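Report on the following structure.
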Amino acid sequence: MTKPQDGKEGKEKLRVYEYAKSLNMSSKEIITILKRLDTPVNNHMSVMESGMVSKVEGFFRDIKANAAAKRAQGGQQAGTSSARPTEKRPEQQGVHTIPRQEQTQQPNQQDRQVTMNTTSNNNQSSNGTQQRSSQGGSRNGQGGQNRSGQGQGRPQGQGGGQGRPAGQGGGQGRPAGQGGGQGRPAGQGGGQGRPAGQGGGQGRPAGQGGGQGRPAGQGGGYGGNRPGGQGGGQGRPAGQGGGYGGSRPAGQGAGAGTASRGESRSTAPAPRTFGDNKPAGGGQRDFSRSGPSGGAGRSGGPGGQGGNRRGGGKPGGQGGRFDDRGGNFRSRGKNGRGGKSSQPQRDKIDNTPKKIIVRGSMTVGELAKLLHKDASEVIKKLIFLGVMATINQELDIETIQLVASEFKVEEVEVKIPVEEDDFETVEEKDEEESLETRAPVVTIMGHVDHGKTTLLDAIRSTNVTSGEAGGITQHIGAYQVEINQKKITFLDTPGHEAFTMMRARGAEVTDITIIVVAADDGVMPQTVEAINHAKAAKVPIIVAVNKIDKPDANPDTIKQELTKYELVPEEWGGDTIFVNVSAKQRTNLEELLEMILLVAEVNDYKANPNKRARGTVLEAELDKGKGPVARVLVQHGTLKIGDAFVAGNTFGRVRAMINDKGRRLKEADPSTPVEITGLTEVPQAGDPFMVFEDERKARAISERRSIKQRQSEMGANSRVTLDDLYKHIKEGEIKDLNVIIKADVQGSLEALRGSLEKIEVEGVRVKSIHNGVGAITESDVALASASNAIVIGFNVRPESQAAVAAEQEKVDVRLHNIIYNVIEEIEQAMKGMLDPIFKEVVTGHAEVRNLFKVSKVGTIAGCMITDGKISRSAEARVIRGGIVVHQGKIDTLKRFKDDVKEVSQGYECGITLEKFNDIQEGDIIEGFTQEKVER
Ligand SMILES: Nc1nc2c(ncn2[C@@H]2O[C@H](COP(=O)(O)OP(=O)(O)OP(=O)(O)O)[C@@H](O)[C@H]2O)c(=O)[nH]1
């Protein structure tokens with residue numbers, strides 16, 4: 001009692017909930033007590049006036065006094081021996097057992113119970129808890145009595161023995177400890193049926209239960225008006241009945257079940273119970289029921305009532321179902337008012353998972369299942385979160401996370417499955433902060449003999465001698481050099497064939513290209529090819545003017561020539577970096593490397609190293625010793641030993657990894673080239689590579705990919721051909737037709753290119769991505785394949801290998817010998833590319849006769865259709881005095897209150913226009929549509 005006072009003193013205004021808290025009680029309990037004391041309050045936030053506090057305290061004192069009296073009485077009735085168990089042992093058991101609910105969910109209650117129990121032994125304590133306890137105590141006391149009353153009825157040992165073992169019996173329904181005291185000693189009564197210990201745990205706190213039906217202690221409740229004591233005995237322990245509202249005095253209940261209600265109910269059940277193994281004291285059912293209610297009864301009190309009712313309500317026989325019926329109990333508890341708060345917890349085992357894995361959106365029902373909850377519980381949470389949802393409603397991941405956190409799920413792991421079979425097409429978006437700078441990947445291209453290989457070797461050996469003294473570089477398709485503490489990765493397959501082949505396979509590996517031009521030779525056909533390949537790939541170009549050591553070297557001529565290909569040196573106002581080098585003499589190599597770093601810095605190449613690896617197979621072969629080996633460039637994530645992966649249509653597990661220096665690696669981060677073993681088959685260069693969680697999955701994916709590839713090889717190709725150009729354009733919104741022109745002589749080449757590039761019909765134009773004199777080569781086909789281009793041969797034929805490649809890659813090669821035919825063919829194909837022509841068709845007119853201004857809707861024009869019809873889907877223009885004042889869409893079209901699709905001549909209708917409210921009486925609304933016209 002001091003507590004509440006303290007609380008009050010501490011604050012100006014003491015709210016009900018604060019006061020309740022200080023007593024370790026619920027607000028509802030306090031509100032109920034206040035009501036009984038004729039000082040009703042509205043809710044838990046109401047202010048406790050000082051008078052109220054003292055009233056409540058007085059109330060508690062009365063109860064304590066009553067309880068003490070009853071205890072004394074009970075003691076006499078039951079005899080000391082039986083009384084003891086009730087008060088001490090059983091209670092204690094109960095307390096221990098019960099905690100199962102309370103420990104997990106309501107520690108306070110546990111405390112309360114304990115206190116209560118204690119209090120029953122020590123009624124004198126004066127603080128809030130004790131008050132409660134004291135109530136409890138009284139109940140217990142009663143229970144004790146009741147039980148004891150019963151105790152006689154059924155021998156302690158017996159009842160429990162059979163029906164439920166004392167230890168257990170209390171079990172859920174009700175804690176053995178309590179009621180048991182006398183009626184059946186915990187130890188005994190419980191017997192088999194249900195262990196006292198347990199029962200208590202869940203059903204109701206040991207301390208209370210009053211052994212059987214319902215713990216006497218409870219009955220006492222706050223102020224029961226009816227003599228529960230007696231009835232309690234068998235039917236239901238008096239104690240409970242008492243509860244708050246109980247009309248009978250709790251204290252008494254115990255007895256023989258005399259209580260008016262007690263009897264009727266209790267008696268009926270009792271027999272069964274007994275018969276069934278339960279100790280006489282209380283029918284099992286009674287027990288059980290009462291147990292729950294009473295027990296629950298929050299040690300202190302309210303439970304009591306519920307207990308009574310229940311006890312009575314259901315015959316003992318049910319007791320056996322304790323466990324299963326938790327739910328029932330609970331709900332009844334509520335109805336009965338008693339122990340509302342504790343009861344739900346009793347039955348509830350918190351089986352909410354600590355962690356859930358979410359793989360995309362799911363329905364409310366699915367989420368409920370995942371959370372081990374009823375859908376209704378999830379829906380309830382959603383309502384709290386402001387989302388009205390049905391069981392079948394889809395929830396997005398964010399909402400799922402919110403709901404999960406509401407249920408106190410500690411971790412929600414979101415695993416969005418990627419379209420795993422076509423993993424190369426899936427673009428993984430990384431958070432900006434997860435990205436780290438990676439080394440640029442460089443490819444060297446250029447004309448034959450201009451020094452590509454020499455340059456690559458020079459760069460590599462420069463690096464070897466400087467950083468990797470004595471190291472022997474391995475050929476693994478690429479190597480890394482380090483300059484100024486920054487790495488650069490070079491693909492060591494020179495030439496644009498490999499580059500384009502990669503691109504044709506969808507692998508965008510290169511970040512920067514170096515076009516090598518020999519200063520003594522100048523720009524040659526393959527130089528141009530290389531430039532075109534790089535441009536088609538939209539990769540920055542650095543020009544390395546090589547062989548400047550040669551006496552006839554003339555770098556400026558090279559610069560001059562390259563301006564034709566839009567490669568203008570910076571010093572001439574362009575943006576292309578030119579570096580004069582001598583691969584042979586290793587002149588200016590550092591400057592070249594620095595320029596690469598500069599371009600890299602500008603482009604800020606980044607990747608997320610902290611995820612599973614993805615990359616591209618640079619080369620692969622069957623090694624006699626190692627089996628299939630693949631040289632892979634890791635582009636995203638980090639590749640680790642033991643990772644299961646798919647490479648193209650093959651799969652494997654990384655057994656060993658070596659880098660370009662021949663060192664064994666355990667991990668390879670982005671831009672690192674590595675040679676890996678552990679494949680089951682040999683993939684192809686350019687194949688995409690990706691790590692999966694396990695080998696089984698990797699195998700399944702690779703198998704599906706193989707099947708798919710075979711199917712697509714048999715099926716239609718996806719390359720652009722003149723025949724299905726229109727279809728491709730429609731699907732892909734292609735607005736340029738890429739062509740590669742090969743001709744017999746420069747003159748006809750220029751003529752053809754000029755004519756084709758002039759074809760430009762309404763935004764669609766021909767783009768010559770590469771042209772040259774001579775036969776159609778494999779490289780032309782590869783470029784066409786990579787760039788979705790058509791190859792036009794004028795008076796030339798494809799080389800045999802190119803023909804095969806074109807066949808394989810499904811590249812459309814058109815061979816002509818009359819320029820006019822080429823142009824006509826291309827023009828026709830392009831017609832399909834044109835956007836359709838639309839013609840406006842006026843559907844009708846409406847005259848605005850009335851205006852209705854409706855807030856939130858805007859101005860509704862009450863119209864009469866004067867001719868034709870107006871459709872909801874049509875566009876409309878507003879004509880005022882012959883002038884068009886607005887053109888836009890119709891928002892709503894109504895006949896009376898109904899939305900309609902169209903209204904015809906002679907009918908009235910209401911029209912609102914999208915984003916236009918300035919309509920006036922007398923305006924004419926003209927409805928019109930756009931119709932497609934064939935070209
Ligand atoms: N004087 C001089 N000769 C060079 C230089 N770079 C390369 N060479 C020579 O040019 C010839 C061709 O060099 P490569 O490196 O094989 O040229 P490439 O472009 O790789 O040739 P392909 O592999 O046939 O395409 C070799 O004899 C080199 O020694 C240089 O900077 N100065």
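Each Cβ is built from the backbone N, Cα and C atoms, and glycine gets one as well.
The model shown is predicted, which means the values in this text are computed figures rather than measured ones.
Per TrEMBL, the feature GTP binding site maps to 446-453, 492-496, 546-549. Around the Cβ of GLY446 (GTP binding site), the number of neighbouring Cβ atoms within 10 Å comes to 28. Reduced to three states, the DSSP call for GLY446 (GTP binding site) is strand.
Look at TrEMBL and you will find 70-79 (among others) tagged as compositional bias 'Low complexity'.
The compositional bias 'Low complexity' annotation in TrEMBL covers 101-137 (among others).
Annotation source TrEMBL lists compositional bias 'Gly residues' at 138-256 (among others).
The compositional bias 'Gly residues' annotation in TrEMBL covers 292-320 (among others).
Here TrEMBL flags 437-604 as domain 'Tr-type G'.
Summarising the annotation, TrEMBL assigns region 'Disordered' to 70-354.
Residues or ranges marked as region 'G-domain' by TrEMBL: 440-588.
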Which binding-site residues from the list LYS452, THR493, ILE548 come close to ligand 1, meaning a Cβ under 6 Å from one of its atoms?
LYS452
With helix taken as DSSP H, G or I, strand as E or B and everything else coil, how many residues of the region 'G-domain' (440-588) land in each class?
51 helix, 39 strand, 59 coil
Per-residue Cβ crowding (10 Å cut-off), top of binding-site residues LYS452, THR493, ILE548:
LYS452
Can you check which residues sit near ASP449 (GTP binding site), meaning Cβ under 8 Å from its Cβ, same chain, 6 or more apart in sequence, and list them in order?
ALA518, ASP521
